[in-house]
Amino acid sequence: MVSFTTLLAGFVAVTGVLSAPTETVEVVDVEKRQTIGPGTGFNNGYYYSYWNDGHSGVTYTNGAGGSFSVNWANSGNFVGGKGWNPGSSSRVINFSGSYNPNGNSYLSVYGWSKNPLIEYYIVENFGTYNPSTGTTKLGEVTSDGSVYDIYRTQRVNQPSIIGTATFYQYWSVRRNHAPAARSRLRTTSNAWRNLGLTLGTLDYQIIAVEGYFSSGNANINVS
């Protein structure tokens, strides 16, 4: 995550890993709270996705409803979170909780569309690395009083939800970090469309915590 290329390779790889929950961390109410290995699926009414690059030091836990937690220490690259599948361009996503990164990390709305194949991010908070570094700003949008800067990048022959492909990535990066916020997908998607950045049919859409060789903890609730 020192660069877009390194970061996004970790993000994209989420889509290629499938496994089932492996172990509960509580004897009581195990259906509502589970520590899991890498994988995707549904938990307590929400879609989840969790991937890591094989390094130890990351614990991802699905909680009740839309809640999840991540604890990481001297980890490699990972990304995990909860949301919906399919996504919606008109959804209003509320999230709250605590997010305490020490180093490179992001808290974002993350998802994909097909036809066209697009990978997109609405970055609400980040640690020491701003994902807009080294890119050209296309515009900005204001949502609920916060300003987001808009960028587009391209990935060539990289993993995606349909296999190896070449595709664009859309980015909206919030200027003021938010530990809790409301993300209005319609506002963002309209701003992207006005800049010629169109989305296709939406695939999964989650609030994701990502880290790259860093430490920290997060307890997030999505609704």
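A Cβ is built for glycine as well, from the same backbone N, Cα and C atoms used for every other residue.
Positions annotated as active site, nucleophile by Swiss-Prot, on the basis of sequence analysis: E119. The annotation domain 'GH11' is assigned in Swiss-Prot to 34-223 on the grounds of sequence analysis. According to Swiss-Prot, the N-linked glycosylation site annotation covers N94, on the basis of sequence analysis. Positions annotated as signal peptide by Swiss-Prot, on the basis of sequence analysis: 1-19.
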Task: Euclidean distance between Cα atoms of E119 (active site, nucleophile) and N94 (N-linked glycosylation site), Å - done: 21
- [ ] Output the one of N94, E119 that, of all these recorded positions, has the highest number of other Cβ atoms within 10 Å of its Cβ.
- [x] E119
Task: Per-residue pLDDT averaged over the domain 'GH11' (34-223), given as an integer - done: 94
